[in-house]
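**Q** Sharing a structure below in structure tokens format, with a few things to ask.
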Amino acid sequence: MECVEEICNFMQKVEILLMLNIVTVRAGAGTFGHLSDSFLGRKGSLTVVCILNAIFGSLTALSPDYWTYCLLRFITGFSTGGVGLCAFVLATEPIGPKKRGAAGMSTFYFFSCGIALLSGIAYVFRSWRELYIASSIPSMLFLLGVLPFISESPRWYLVRGKIDEAMKLMRAIAKANKKHLPDGVILALDEEVNENSNDGPSCKDQMDTKDAITGSLIDVVKSPVTRIRLFLAVAINFLCSVVYYGISLNVVNLQTNLYLSVFLNGVAEMPAFTITALLLDKFGRKPLAIGTQWFSGIFCLMGSLVMIHGEWKVARMVCGILGIFGMAGTYNLLFIYMAELFPTVVRNAALGCGAQAAQMGAILAPLVVVLGGGFPFAVFA
């Protein structure tokens with residue numbers, strides 16, 4: 001009887017942590033998505049979330065009781081929701097359209113390397129307190145060794161009306177590439193150039209009188225085109241997240257070496273990024289997204305039909321690796337796809353909605369995995 005009560009108490013605590021994760025990560029993605037579009041900027045938002053991660057991630061290791069642990073996870077979850085979003089937008093916005101797809105996909109190599117590396121770190125630091133400290137160190141290193149050498153996004157400067165800062169940054173980029181920015185060049189957002197007409201004021205006159213441009217999700221929803229794009233992006237992000245995180249967590253049902261399975265899943269994502277980056281401009285965003293989802297779905301279906309006895313364990317593990325291979329291509333391609341579907345002034349806010357939907361899917365994934373057997377693979381398929 002005491003054992004049953006302990007199990008019930010444990011499940012209640014797990015449910016509380018899941019709800020905390022839902023609320024805080026969703027709120028963090030939306031909040032920092034808005035802040036990075038507004039006064040704080042891409043770099044400023046990334047700096048704040050890294051500071052919060054480093055401080056409260058380390059403090060979590062010192063938690064004296066469960067409720068203190070929940071509070072610290074609440075704060076850390078809030079900041080974690082904005083890390084990937086702000087970093088991705090900051091990395092891709094200075095890139096031109098021709099190279100943006102390949103450059104955006106290349107950023108996810110570091111994410112996969114982090115997953116593979118985390119399996120090794122978890123193998124070394126078996127204590128959860130030690131693991132929290134070890135996993136907080138990268139945020140500290142990023143703050144000290146990377147962020148000081150990163151510039152703000154030139155597009156953000158433009159939407160905030162800071163033309164001089166944007167021009168100064170573009171000249172620095174040109175100089176670093178051993179190029180020269182011609183005199184008289186005027187920077188303008190794509191949407192501003194398209195709106196400019198021969199009868200209206202010149203682009204230079206518009207830029208000289210340019211004020212800060214602001215936007216929010218309300219503006220996205222008002223437009224029929226962007227409204228449909230947002231709703232579809234949210235739905236697709238949610239479903240793909242269930243599969244992506246679900247396959248990663250499903251290693252507990254494979255009855256193979258846990259650390260090895262996590263490592264192989266992380267490594268399997270890397271060739272997916274390479275292949276999608278090479279095929280991105282040839283086949284386009286939409287066909288490639290559909291093809292990678294079909295690839296993942298077929299192998300997830302095969303995984304649900306494979307027995308889990310004897311040597312069949314390895315076959316099911318291979319199905320999982322190939323399933324995450326396909327879904328990694330889809331899941332990360334969505335970032336590039338969404339970034340190109342929305343105007344600069346509301347881009348981070350729209351991506352924040354997609355990130356919130358993805359986190360909802362990530363919360364649902366463990367509930368599918370605990371059902372065990374071949375059922376999780378069938379759901380993912």
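Placed from the backbone N, Cα and C atoms, the Cβ positions cover glycine too.
Automated prediction, rather than curation, is the source of TrEMBL annotations.
Feature list, courtesy of TrEMBL:
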DOMAIN    1-381  domain 'Major facilitator superfamily (MFS) profile'
TRANSMEM  44-60  transmembrane segment
TRANSMEM  66-90  transmembrane segment
TRANSMEM  102-125  transmembrane segment
TRANSMEM  131-150  transmembrane segment
TRANSMEM  230-247  transmembrane segment
TRANSMEM  259-280  transmembrane segment
TRANSMEM  287-308  transmembrane segment
TRANSMEM  314-339  transmembrane segment
TRANSMEM  360-380  transmembrane segment
**Q** Between the transmembrane segment (314-339) and the transmembrane segment (102-125), are there three or more C-beta pairs closer than 8 Å, counting only pairs 6 or more apart along the chain?
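**A** Yes; at least 3 Cβ pairs under 8 Å.
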**Q** State the residues, same chain only, that lie 6 or more residues beyond the ends of the transmembrane segment (44-60) and have a CB under 8 A from a CB inside it; answer 'none' if no residue qualifies.
**A** 28, 32, 35-36, 69, 72-73, 75-76, 78-80, 82-83, 86-87, 90, 132-133, 135-136, 139-140, 142-143, 147, 152
**Q** Could you give the residue numbers and ranges of same-chain residues that sit at least 6 residues beyond the transmembrane segment (102-125) on either side and whose C-beta is under 8 angstroms from one of its C-beta atoms?
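**A** Same-chain contacts beyond the ends: 84, 87-88, 91-92, 95, 131, 134-135, 138, 248, 259-260, 262-263, 265-267, 269-270, 273, 276-278, 280-281, 328, 332-333, 335-336, 339.
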**Q** Find the average pLDDT over the domain 'Major facilitator superfamily (MFS) profile' (1-381) in the predicted model and report it.
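**A** Looking only at the domain 'Major facilitator superfamily (MFS) profile' (1-381), pLDDT averages out to 77.
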